[in-house]
């Protein structure tokens, strides 16, 4: 319309990039002016040196210009030919629910920032952390973010791992665990059953009381060795059985002692030996009673191998099988102690422990006791077969009660022993259960077979007298009749027939 005007009072708004175009034109003009001044001094128009203009040389003059631009800012170029940066710095802020960009600083060769004018999320003025990833703590490795090599996630070395370097974790050796902050490994503590532990105090107390009682019985029997009650009980086998009972109690101390080569070897030998001696002697006794009564029903002659010497040979033959098995075990797998780090390798390494123990597995232990249990079961079978024998005849009924009770003890032992195989207290529970079961077996035998005799010997010596003797056939017949008519008042008063049987067979 030819009426357009540019001025303060006009409605025209200039586009923001126009100033750069104007400054560019002025930069070219200043460069040409300076070039003409140097190459064509005092001349008007182009001189031969500028006709035509050398663009390479003109560029040098352009880079050297220095004048005030249309915006009032100097126009210059650096050594690379770049114009200095001039920027207004804005921040997006919300004030009174109204969003806006507010100038908070400028950049002209360096930063000019008005920190007090800045606002951060939540309305606070505290500067947020301007960092891609924070430094990792001790025990944490850097897991790099894919595609962003200078950013990472901190990942803790967990379980039994420790921090090997800045980017890797490594598992500790099998006998070590990481320290508290997982920066290195430390040895796993070694534990064993201590004498002061409650798990050891109870079995040791029972064993000590049992050993004292056993020695008391032995001393009593030795002192009254030639009295009828001691003779009637079979002196030789009685001492063998008392030896086995003593070893059963003594085994407790071997099971609690610190495992080493000698202790582990003695455990293999005596853990099953004490029970084998006890049940071999009892089996020989019950078998003798059974054969006597079976033979007595058929003939007046006594069965073979019922003399004390024969009984000892049979007993030691049974015991020797246990010793042969142990010797073979020593040859195949020599005894030694081990430190088991897997049994208590808990999820939390802080509770991990190494257990010092003998190299006897649960299966080996059962095999070690298996022969003794076989003798025990066989003895129980014979005790059942001789249950009709008159009471106290060569200890037939006390042996029967002993074996029934012993079977109950070991039937309770097996589920407890194997049921705790996954428990954290496995070592303590199994050792305590085993030692108490062995001691209880010995206590049952001692209490039912010997304490009544000791009581009579010490407090009722008038009953410790011999009765008249009869032939084997008469003895067995009298015993059978006594058993049949026991409900009608007894065959003889005061157990006369019973004592006669004991005395008669002792002389046989």
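Yeah, the Cβs are placed from backbone N, Cα and C, and that goes for glycine too.
Remember, TrEMBL labels are computer predictions, not curated facts.
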Can you identify, from 300-322, 323-345, 438-460, the stretch that TrEMBL calls transmembrane segment?
438-460
Recorded stretch, among 199-225, 363-384, 396-418, maximising Cβ pairs under 8 Å relative to the transmembrane segment (438-460):
199-225
Counting CB pairs under 8 Å, which listed stretch among 269-290, 363-384, 396-418 touches the transmembrane segment (237-257) the most?
269-290
With a Cβ cut-off under 8 Å, give me the same-chain residues at least six positions beyond the ends of the transmembrane segment (363-384) that come close to it.
268, 271-272, 275-276, 279-280, 282-283, 286-287, 289-290, 318, 321-322, 325-326, 329, 396, 399-400, 402-404, 406-407, 410, 434
Excluding the flanking five residues on each side, which residues at least 6 beyond the ends of the transmembrane segment (396-418) place their CB within less than 8 Å of a CB in that stretch?
282, 285-286, 289, 362, 373, 376-377, 379-380, 383-384, 386-387, 389-390, 429-430, 433-434, 437, 440-441, 444-445, 448-449, 452
Mean of the pLDDT scores, which run from 0 to 100, over the domain 'G-protein coupled receptors family 3 profile' (199-473):
84
